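Sequence annotations record features per position, and here Swiss-Prot assigns active site to CYS314. Positions annotated as substrate binding site by Swiss-Prot: ARG112, TYR261, GLY262, GLY263, SER312, ASN429, SER430, ARG431. Residues or ranges marked as Mn(2+) binding site in Swiss-Prot (evidence: similarity to another entry): LYS270, HIS290, ASP337. The GTP binding site annotation in Swiss-Prot covers ALA313, CYS314, GLY315, LYS316, THR317, ASN318, ARG431, ARG462, TYR554, GLY555, GLU556, ASN557.
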Amino acid sequence: MPELIEQSKIISGNVCGLPQLHKLRQDNCGLYSHIRGIPISYGNVDLLTTGVRAFVEEGIALCQPDQVHICDGSEQENKVLIKSLLEAGTIVPLPKYDNCWLARTNPADVARVESRTFICTERREETIPTPVEGVKGTLGNWISPSDMDAAVQQRFPGCMKGRTMYVVPFSMGPVGSPLSKIGIELTDSAYVVASMRIMTRMGAAVLRQLAKKEEFVRALHSVGAPANGQVEQPSWPCDPERTIILHKPAENLIVSYGSGYGGNSLLGKKCFALRIGSTIAKQEGWLAEHMLILGITDPKGEKKYITAAFPSACGKTNLAMLNPSLANYKVECVGDDIAWMKFDSQGVLRAINPENGFFGVAPGTSMETNPIAMNTVFKNTIFTNVASTSDGGVFWEGMESSLAPNVQITDWLGKPWTKDSGKPAAHPNSRFCTPAAQCPIIDEAWEDPAGVPISAMLFGGRRPAGVPLIYEARDWTHGVFIGAAMRSEATAAAEHKGKVIMHDPFAMRPFFGYNFGDYVAHWLSMEKRGQVPKIFHVNWFRKSAEGKFMWPGYGENSRVLEWILRRVNGESCYVDSAIGHIPAEGALNLDGMKDKVDVKEIFSLPKEFWSQEVKDIRTYFESQVGADLPASIYQQLDELSSRVDNL
């Protein structure tokens, strides 16, 4: 990163690529309450390991905070944070619930910013495939080391003047688990600290773990301030014009500026758990994936664990918290968003949820769609950009049936709202940040340091036409091809364009930490490392010619999981098809279903549709990935093409 003062130079052993400035380096003179001459407002500097302390000192030199707060994760500390957030007007209390708070952000800071999210490597091709000339690449953004340095130099010097720098030690995964990794985030946002306390294992226990083995990901975050010095909303400072999120995998470094929104500021989540996580996983021979993890127990008491990768708005959280309609089946939740998976010494693929909470999209969550989530979120939760009610509660689209009469609603912008307002009360990307341990169906092994054994992996998306309810990959390579070819319906940014089918390989398109072609090769290599699970593709969203969903979804999805369990147990309850194994006639248990399902139609494979699908996948692979895609994936596409020709 940039040199900030004349003749400063980066010395060997620099822990994070931030400048180590010889002129400014000084001993702390044994003072407990200062670090580099900056007062410690909370916490004990003696708990910092050598590497953490060096990182903090570099952050102080760069950002120039007024004081430093070393987080311990305690209840007492949380009260201090909540008090400061209340005083700043960042949050308001929700007296209807137990220890719940509502934050309203600057309206310009409401979501992840893909166009400003970069991976920094020496060579561009390490980060992204080279698309065909004239085609815009969609598999990540690369930035050179010199441009990253310049971006930091333009934004960070002095950005924490007048503010507190919080030192946030956090563990992704149970503290001490062989599958876990540690991070240190430096931030000037108390909202981030309070949220990280929910989303990660945060505090003194992490520093004690680092004292045993000092390996950690460095994460630097500032909400920033506009270059003109005018803060629009003092309760939510940010700098939307200059927001940037940078990752440097070679140095396990994340740098984020200008946004307080969760995906850009809670750096343990997508930045660490997926982007940096996937690069570490490649080096160490494991997988860091955008997947839920659930446990399902059949009527005989036999339990299996399944992971599933779906793009956003395709029901990951709903499946992770499934309430099965099939009698005597039980689903339990290990995680709803991210899975880290590694083979154990016996070659069994084991997964942990590296997170400690749920950062879920609120709108659409209701007692009808996800009663388990609704029974999770109304205590110890930070809500962001949902609407509030006059009786001290919250509201979002989907909660209409639970509204008491005569309750007034204030929308996410702080304005009065009625159902005739013509716009949503809650922002479409509004969130709840809630502890996972509160989930009524949290799995008993959700914090098992060894992880849970994975028997099946699901890929899926929102496909209104052509794609059957469920099919199984023929083998591992075919399964990897299915993941690479994933597509899902998304609403185009411009409404008049209507719905478009977007490519979202492995549901990871915004989160790859390195070249997608190398990522696919890494997935293919897993077969040589241990016992790989079976792979399936599901589609809950196929529609009839009349535009009605052909499958009722929600609890009825347990019927699909039952068939998956039968296949995992080796039952030959399938027939082969052009695209993979589908349930044999009568093999999908439909007993007792209220809705009549046209089984023939929901498993039909229209030749015209699949011929076009093959063409679209080929165009995507050739234009976006080209020679970087392993030859065996092109071979899978050729084989699919010839099978479709014979439909």
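Backbone N, Cα and C define each Cβ position, glycine as well.
I'm curious about the neighbourhood of these features; can you describe it?
Non-local contacts of CYS314 (active site) by the CB criterion (under 8 A, 6+ apart in sequence, same chain) comprise GLY460, GLY461, ARG462, SER488, ALA507, TRP540, PHE541.
Remark: ARG431 (substrate binding site) has GLY262, PHE359, GLY360, VAL361, ALA362, PHE383, THR384, ASN385, VAL386 as non-local neighbours, by Cβ distance under 8 Å and separation of at least 6 in sequence. ARG431 (substrate binding site) falls within a strand when secondary structure is assigned with DSSP.
Counting only same-chain residues six or more apart in sequence, the Cβ atoms lying under 8 angstroms from the Cβ of HIS290 (Mn(2+) binding site) belong to LEU274, ALA309, ASP337, ILE338, PHE506, ALA507, MET508, PHE511.
In the three-state DSSP reading, TYR554 (GTP binding site) counts as helix.
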Would you list, in sequence order, the binding-site residues among ALA313, GLY315, THR317, TYR554 whose CA lies within 10 Å of the CA of GLY263 (substrate binding site)?
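Checking Cα-Cα distances against GLY263 (substrate binding site), none of the binding-site residues falls within 10 Å.
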Between TYR261 (substrate binding site) and TYR554 (GTP binding site), what is the CA-CA distance rounded to a whole number of Å?
30
Starting from the Cβ centroid of ARG112, TYR261, GLY262, GLY263, SER312, ASN429, SER430, ARG431, the recorded substrate site, name every other residue in that chain with its Cβ within 8 Å, sequence order please.
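Same chain, not in ARG112, TYR261, GLY262, GLY263, SER312, ASN429, SER430, ARG431, Cβ within 8 Å: VAL110, ALA111, PHE359, VAL361, THR384.
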Name them in sequence order: residues not among LYS270, HIS290, ASP337 whose Cβ is within 8 Å of the mean position of the Cβ atoms defining the Mn(2+) site.
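Not counting the recorded site residues, we get LYS269, ALA273, LEU274, ILE338, PHE511.
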When you tally the Cβ atoms that lie within 10 Å of each candidate's Cβ, which of the binding-site residues (SER312, THR317, ASN429, SER430) has the highest tally?
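Of the binding-site residues SER312, THR317, ASN429, SER430, the highest Cβ count within 10 Å belongs to SER430.
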Which of TYR261, TYR554 (the binding-site residues) has the most other Cβ atoms within 10 Å?
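It comes out as TYR261.
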Of the binding-site residues listed here (LYS270, SER312, SER430), which is spatially closest to GLU556 (GTP binding site) when Cα positions are compared?
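Of all the candidates listed, SER312 is nearest in space.
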Mind checking which of ASP337, GLU556 has the fewest other CB atoms within 10 A of its CB? They're the binding-site residues.
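Comparing Cβ neighbour counts within 10 Å for the binding-site residues ASP337, GLU556 gives GLU556.
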